[in-house]
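Chemist: My structure is below; once you've seen it, I'll send some questions.
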Amino acid sequence: MPIRRWARSSAAVLALPVLTAYLFFVMSRSVDVLEDNWLSATVLVSSAAVLAAGPVCGAAGAWEGARLARGGVDGAAAVRSRAAILAWSLLPILVAALVAMLGGLALAGVAMAGVPGLPDPLVLAVALLVIVAWTLAGFAAGRHLHPLVGVPLLLVGTWLWLAYPAALETFWVRHLTGDNLGFCCETDAVYDQRALYAQAVVAVCLAGAAYLFWSRRRGARLAWAGIAGLPLLAMAVAFPLVRDMGPEAQVPRTSGLACGRSDGVEVCVWREREKQLGTTALIAVPAARRLATGTGQPAPRRVTEGPADGADSWRFAAPPGARPDDVLFGLATGLLPAEPPVCGPGWSGADAYGPLSAWLALTAGAGQDAVERRTGPESLGAARRVLGRPPAAQVRWFRHNLDALRRCDVSPSEVTLP
Amino acid sequence: MRTWLRVHRAAQVCVALALTAGLVAAAGDVLVPVPRPTLDDLAGVPVALVAPLVASSVLVRGALAGGGSLEAVAVRPVLAYRTGLVALTCALSLVMAVVETVPYGAAAARNLVGFTGLAALAALWRRDAATAAPAAYLVAAMLLGRPGAGSWWDWPVEPSPHPATWVVPAACLGLGLAAPALPRLMPRRHRR
């Protein structure tokens with residue numbers, strides 16, 4: 001068949017504008033709030049592409065599958081393999097999905113202008129795999145279902161599978177779909193590869209089962225065994241990967257730092273923020289020294305946006321647009337425990353968090369207005385009262401209340417105004 | 001008549017209607033998240049409003065099944081049969097919504113009427129793609145509609161069965177069922 005006629009007769013001609021409009025609609029709400037890293041942009045594009053192209057390509061597959069069935073592919077004498085027949089019908093739909101995805105990448109590229117890095121090819125590849133799987137599922141359904149039923153069934157069914165798990169309290173289901181909730185990751189986190197592998201496994205097994213279902217011949221027991229076995233295999237492999245995962249598929253980032261030295265202290269920022277390294281060091285290093293003096297701790301040898309132990313290395317964050325007070329506040333509160341201890345009811349240690357944060361931020365050099373905005377006037381008042389004392393008394397107050405935040409048997413002291 | 005019912009998949013239509021009613025009763029109020037233009041605007045569409053699309057598709061498939069050329073020359077009033085099948089099923093869904101008072105039951109019945117009406121209208125243009133029209137309309141309403149805002153057009157995602165939300169679905173069904181019959185009601189010209 002001539003190429004133009006072949007392309008024009010495909011359902012992809014109708015699918016392309018629909019899924020492109022859908023993709024840009026899904027992306028438009030999030031592209032302005034992207035993090036300053038390419039992974040977040042890649043996940044947004046892949047998520048929007050899967051959510052838009054999955055149902056539409058599934059429906060287009062159901063249409064094309066029904067066309068092939070109507071054309072008598074099952075019963076006619078074979079001049080080419082079934083895989084080749086399927087590929088020629090599948091190709092225009094996948095090209096449409098790819099074009100839409102590239103458009104999404106171009107939009108993300110504009111939003112990420114100036115941010116070093118590239119889209120994550122693995123995330124995009126898994127998204128394409130998911131789209132292929134649902135398109136093949138559409139072909140399999142189209143072999144037996146009339147388009148009047150197959151097209152809406154695939155459109156709504158695929159959309160439900162992709163969108164509904166986000167509303168479930170059972171978190172592992174959402175990591176299998178490929179939708180990825182449209183968001184991952186902040187710059188200090190990376191995508192949890194377990195979710196990616198699980199999605200790939202589910203997509204490959206779905207694609208395999210769908211292909212077997214579409215291409216099986218009458219009485220082919222091996223094909224039926226595959227159709228029944230592949231979903232079980234998918235669950236057996238994918239479920240253990242995502243079983244223990246939380247609501248979001250991200251884990252702390254450990255690599256990709258750009259470091260420099262300032263006044264004897266090593267300062268590290270994420271490589272995406274390397275241009276701000278000098279400015280950040282001028283804020284963070286003196287603040288770290290003030291904090292070390294104020295809290296009676298040894299000065300850190302390293303202040304970093306990456307992993308830190310709280311002793312030799314301290315953690316801070318300097319995202320784009322952050323003001324000096326924000327950087328100081330992050331550095332100061334980085335000295336506090338990230339999570340409260342597991343105590344029974346009646347634990348009052350949390351009352352110390354606000355005053356301690358305010359005192360640390362003021363000690364680091366943050367402005368009073370910024371501290372008040374973040375901790376509230378009561379915490380600021382308590383912190384200012386403590387700051388009026390001799391340094392040794394301040395250190396005692398800090399250590400006691402730090403203990404109250406870490407332990408269940410210590411109560412906070414002087415954290416409220418009289 | 002039995003042959004006509006078998007050809008037009010009346011049993012499948014009944015099963016689809018019963019399954020949809022069961023789904024609406026069991027899990028109709030489950031909200032499925034939908035994307036919105038802003039991140040702050042979190043919204044969901046109840047399953048009860050989406051499920052009737054499948055029942056409507058099965059109904060339209062049944063109504064449009066059968067050999068077109070054979071039925072065109074049939075002695076029996078097959079167009080009336082077809083209109084009756086669709087109208088009866090829609091009426092049955094309304095009765096079920098009234099009798100079985102479940103959340104979103106009336107809205108689900110309204111959507112069945114509306115989806116079927118849209119498909120009936122689309123079938124005037126192209127029969128084998130008729131159900132793509134309500135599916136596309138549903139997706140557009142989910143993305144752009146504002147439930148509760150009182151718009152006349154986003155009835156597929158309006159959970160309230162307010163009378164104003166019935167106007168478009170009822171009009172679509174009425175037009176969709178009446179349009180194929182109109183040429184037969186016109187006075188015939190005699191060829192010379």
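In case you wondered, yes, glycine gets a Cβ from its N, Cα and C as well.
So TrEMBL has the following annotated:
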type	residues	note
SIGNAL	B:1-26	signal peptide
TRANSMEM	B:42-67	transmembrane segment
TRANSMEM	B:79-99	transmembrane segment
TRANSMEM	B:105-125	transmembrane segment
TRANSMEM	B:132-152	transmembrane segment
TRANSMEM	B:164-182	transmembrane segment
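Could you place these features in context, so I can see how deep they sit and what lies close by?
Modeler: Same-chain residues lying 6 or more positions outside the signal peptide (B:1-26) and placing a CB less than 8 Å from one of its CB atoms are 47-48, 51-52, 54-55, 58-59, 61-63, 65-66, 76, 78, 81-82, 85, 89, 92-93, 96, 100, 102, 104-105, 108, 112.
With a threshold of 8 Å between CB atoms, the same-chain residues lying at least 6 positions outside the transmembrane segment (B:164-182) that come near it are 79, 83, 86-87, 90, 107, 110-111, 113-114, 116-121, 123-124, 150, 152-153, 155, 158.
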Chemist: Let me spell it out: take the transmembrane segment (B:42-67), skip the flanking residues so only those 6+ beyond its ends count, and list any with a Cβ under 8 Å from a Cβ in it.
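Modeler: Non-local partners: 4, 7-10, 12-13, 16-17, 19-20, 23-24, 27-34, 36, 78, 82, 85-86, 89, 93, 102-105, 107-109, 111-112, 115-116, 119-120, 123, 127, 130-131, 134-135, 138, 142, 147, 156-159.
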Chemist: Quickly jot the same-chain residues contacting the transmembrane segment (B:132-152) by Cβ under 8 Å, restricted to those at least six beyond its ends, or write none.
Modeler: 34-36, 43, 45, 50, 53, 56, 114-116, 118-119, 121-122, 158-160, 164-165, 167-168
